[in-house]
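Colleague: So that we are looking at the same thing, I have put the structure below in structure tokens.
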Ligand code: AMP
């Protein structure tokens, strides 16, 4: 294939994140974001060749309008011609998709059917696919699923202690998310330590606004903290992570919460935001905790780090050996405070921190932040867009 640029589209409920990736160099030629969609504050930002463009979107302020504006900009910049494909991030692929897929009528139907498992995400992803097909119908479109990497989990890891019929009849099981990120950083980590991925075992911690921890053996996911939905697992920006399900009955029966209110509470009002009462943003909380002496911000961060360390230790049960720990995502790549707390909590597993390296490793730098006697503690910047682009090209090459 002579042309190697892929437009990657990541459609959320009120945003479209996009980038053009050169799959040969892995570099992003252009990046941008349309946000606050479906409101009259909808805006569009594009970064290209050290220049940024920012403008308000015109009515109807929807995903279609965002993709149309993107195509207009790409046409103006003469970038439409260089595109070989459009790669879409699709959150839920259920048990059906353990690989990326060329988008056909059947694949779109399957993504729509899987909306019952991801009502917040799959409909938005599908909207992005429809908008891109309308505007860029001449290009092949590929779906890359967040859950696909975790389809290698064994039954003992993905089944809940619930009646088996709920799995058989309603597909209720653990799926795991952030698959593109976990698989990418595990591959990079194997390169870093100079061992074939097939001989490596890692625990990977993707810590961003959403957070998940995955046990990876021989390049395959064997267990992960997120579950049936991305709500399970560690404390996140505004999601609670694990709670006793009994709390939900208590909220409904004794505190008059409706199902919608419980949903809002656990997904939007909890996590770092709920605990601190201040923000879901780790950087803001670190400032509040350590520059302004805000105790609740400090407590929120302590709980966040402790629960992550607890999950890392628990997920070791899924591995037969352990080379090291990988930190990625906005927090994992940048917060030396969070990494220090987590590693200090894990000295029993022989993780020990090199303070200087920890302080110096941020802003897109990869490094081992452990002492020589420790297991590896690697910081590896993720590149979900790069994975989506390269997997899209792979799908096209296989389809030829
Ligand atoms: P992501 O969802 O991967 O973009 O990550 C977003 C999270 O990364 C937010 O909580 C940010 O506050 C956090 N983050 C980004 N840069 C830093 C930093 N320098 N220090 C601490 N947290 C950071």
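Yeah, the Cβs are placed from backbone N, Cα and C, and that goes for glycine too.
The feature active site, proton donor/acceptor is assigned by TrEMBL to 146. Feature annotation from TrEMBL assigns Mg(2+) binding site to 10, 384. For 89, the entry in TrEMBL reads substrate binding site. The annotation site 'Transition state stabilizer' is assigned in TrEMBL to 178, 239.
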Colleague: Neighbour count, 10 Å Cβ-Cβ cut-off, for residue 384 (Mg(2+) binding site): what number do you get?
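Modeller: Neighbour count, Cβ to Cβ under the 10 Å cut-off: 24.
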Colleague: At the Cα level, what's the spacing in Å between residue 384 (Mg(2+) binding site) and residue 89 (substrate binding site), rounded?
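Modeller: About 9 Å separates the two Cα atoms.
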Colleague: On a C-alpha basis, identify the one among 10, 178, 239 that is nearest to residue 146 (active site, proton donor/acceptor); the candidates are the recorded positions.
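Modeller: Going through 10, 178, 239 one by one, the closest to residue 146 (active site, proton donor/acceptor) is 178.
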Colleague: Run through 10, 89, 178 for me and report the recorded positions whose CA is within 10 Å of the CA of residue 239 (site 'Transition state stabilizer'), in sequence order.
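Modeller: Near residue 239 (site 'Transition state stabilizer') by Cα: none of them.
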Colleague: Please report the Cα separation of residue 89 (substrate binding site) and residue 178 (site 'Transition state stabilizer') in Å, rounded to an integer.
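Modeller: That comes out at 10 Å between the alpha carbons.
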Colleague: Got a sec? Which of 10, 146, 178, 384, the recorded positions, have CB under 6 Å of any ligand 1 atom?
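Modeller: Cβ under 6 Å from ligand 1: none.
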Colleague: Using the alpha carbons only, what distance in Å do you get between residue 10 (Mg(2+) binding site) and residue 178 (site 'Transition state stabilizer') once rounded?
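Modeller: Pair distance, Cα basis, whole Å: 13 Å.
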Colleague: Please list residues from the chain of residue 178 (site 'Transition state stabilizer') whose Cβ is under 8 angstroms from its Cβ, counting only those at least six apart in sequence.
Modeller: 146, 206, 210, 212, 214, 226
